[in-house]
Amino acid sequence: MNKITHSLAATLLLGSGFAAHAQDGDLIAKGQALAIASDCMACHTNTQQQGKPFAGGYGIASPMGTIYATNITPSVKYGIGGYSEAAFADVLRSGIRQDGTYLYPAMPYTAYTRLSDDEIHALYTYFMHGVAPVDEPPKRQTDLPFPFNIRLSMAVWNMLYLDNRRFTPDVTKGEAWNEGAALVQGPAHCGTCHTPRNVLMAEDNSRFLMGASLGSWYAPNITADRQEGIGDWSEQELVNYLKTGRAEGRAQAAGPMAEAVEHSFQYLTDRQLQAIATYLKTVPSQGEGRQGNGLSQAHYNVEHHLRGMNSPNANHTLNSGEALYSGYCASCHQPDGSGSLNQAYPSLFNNSTTAANNPSNLIAAILQGVDRRVDGKHVLMPSFGAGSYVGELTDKQVADIANFVLQKYGNSTLSVSEADVSEVRAGGPKPLLARAQPMILPGMATTAVVIILLILFWLRRRKAR
């Protein structure tokens with residue numbers, strides 16, 4: 001009888017052990033899926049230097065300076081291995097590390113604050129038990145100039161701008177809409193790039209997803225506006241774009257969006273992508289005007305106009321936008337701008353980059369190229385900026401090509417100057433706060449001197465009495 005009892009107890013314990021193991025496995029898988037949706041890999045893995053997963057060191061360009069991602073592996077010494085789940089939640093929701101250090105909002109905790117307790121628990125379980133520890137610090141550390149290096153200032157910033165609330169489903173909407181809203185507002189943190197920021201670099205949610213400058217690139221309007229946004233896209237076109245980085249006749253992912261597709265969106269389920277599309281199609285229109293004439297058909301064949309000229313494609317003779325386009329662009333995008341038959345090389349008309357009211361993405365694509373890997377395929381357009389293996393173009397040459405493309409295939413109301421190209425090459429337009437940085441310390445010193453002089457004057461007047 002005792003043997004039967006012991007055998008039964010052992011069987012029950014073994015069964016409960018298997019059940020617990022399976023439950024932990026499911027939780028780790030859920031956390032991994034959330035980490036992918038949150039695009040943690042893109043920032044916390046230095047793929048440019050073959051860095052180890054989540055070991056940090058990747059430089060995130062910001063108007064205030066480069067912010068280097070930290071090690072978020074379960075290394076106790078260099079990562080988050082010593083974090084409790086509560087401390088982990090504070091980082092994601094409040095931007096405060098376990099040692100009390102404040103993070104900069106380049107880490108999108110303003111979006112991750114929408115995550116539920118169950119989602120935080122799943123992420124914590126994944127990072128603690130599903131990620132290999134890397135026991136070494138990132139090779140670079142964040143070192144912003146004064147006064148942005150005073151992290152304690154983020155405490156005031158958080159008081160002003162951090163909306164520390166969880167996502168609440170809208171009972172008047174369907175399941176797909178709510179799933180999409182939770183993803184867009186939370187882990188996918190779409191607003192981090194696509195929502196304009198105010199003078200203190202906080203997202204201006206009165207213009208949610210209206211489009212914003214992102215260094216050299218421009219994150220376009222993705223509201224339901226039919227001209228400026230994605231209002232006239234079908235939901236399937238949005239799904240295709242997020243899944244592959246391409247929506248034929250619409251847009252191609254480049255720059256930061258290519259990274260998001262490569263590391264995150266291509267791995268989301270079709271249901272998740274459909275939910276995102278469902279939600280985005282309902283985000284209130286925030287457009288500021290028509291796109292221009294960029295959604296036209298091809299009407300200009302560059303070779304028809306160049307044939308007969310003296311060596312139009314020869315080196316050092318490309319002295320017009322038309323000739324430069326013929327020499328550097330037409331072999332892929334075709335002489336008439338129609339792109340390749342399968343649109344692997346996209347057309348330059350019916351294209352959101354050439355139709356936009358902001359030429360930054362067109363300039364940045366020429367300077368930085370396109371580089372993304374999706375579903376085992378490498379999508380590449382060579383860069384023509386510094387270090388180009390094809391040949392670096394001057395600011396004037398880039399401006400000439402951009403103006404030719406805009407005039408013949410895109411938004412002909414735009415004009416690109418050499419100064420515009422130089423600005424994009426240098427990292428894009430600087431917000432007021434970044435432009436003011438060199439004057440902040442002298443201004444503070446001047447103010448201090450004035451205050452001291454006023455105090456001395458007051459003391460002298462008082463003594464004279």
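Just so it is clear, glycine is given a Cβ too, placed from its N, Cα and C backbone atoms.
Owing to the predicted nature of the structure, the values given are computational and were not obtained by experimental measurement.
The signal peptide feature in TrEMBL is assigned to 1-22. Positions annotated as domain 'Cytochrome c' by TrEMBL: 26-131, 169-284, 316-409. Annotation comment: TrEMBL describes Cys40, Cys43, His44 as heme c 1 binding site. Sequence annotations record features per position, and here TrEMBL assigns heme c 2 binding site to Cys190, Cys193, His194. Taken from TrEMBL, the feature heme c 3 binding site covers Cys329, Cys332, His333. Here TrEMBL flags 439-459 as transmembrane segment.
What TrEMBL annotates, mapped onto the structure for a quick look.
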| residue | record | contacts (Cβ under 8 Å, 6+ apart) |
| --- | --- | --- |
| Cys40 | heme c 1 binding site | Phe54, Ile72 |
| Cys43 | heme c 1 binding site | Tyr58, Ile60, Ala69, Met107 |
| His44 | heme c 1 binding site | Phe54, Ala55, Gly56, Tyr58, Ala69, Thr70, Asn71, Ile72 |
| Cys190 | heme c 2 binding site | Val184, Leu209, Ile222 |
| Cys193 | heme c 2 binding site | Ala212, Leu214, Ala219, Pro256, Met257 |
| His194 | heme c 2 binding site | Leu209, Met210, Gly211, Ala212, Ala219, Pro220, Asn221, Ile222 |
| Cys329 | heme c 3 binding site | Ile401, Val405 |
| Cys332 | heme c 3 binding site | Gly339, Ser340, Tyr345, Met381 |
| His333 | heme c 3 binding site | Gly339, Tyr345, Pro346, Ser347, Leu348 |
For Cys193 (heme c 2 binding site), what is the secondary structure by DSSP, using just helix, strand and coil?
-> helix
Looking only at the domain 'Cytochrome c' (169-284), report the model's average pLDDT.
-> 94
Where does Cys40 (heme c 1 binding site) sit by DSSP, helix, strand or coil?
-> helix
DSSP assigns the residues of the domain 'Cytochrome c' (316-409) as 40 helix, 10 strand, 44 coil
DSSP puts the residues of the domain 'Cytochrome c' (169-284) at 51 helix, 12 strand, 53 coil
For heme c 2, what surrounds Cys190, Cys193, His194 with a Cβ no more than 8 Å from their Cβ centroid?
-> His189, Gly191, Thr192, Thr195, Leu209, Ala212, Ala219, Ile222
What other residues of the same chain, not counting Cys40, Cys43, His44, have a CB atom within 8 A of the CB centroid of the heme c 1 site?
-> Asp39, Met41, Ala42, Thr45, Phe54, Tyr58, Ala69, Ile72
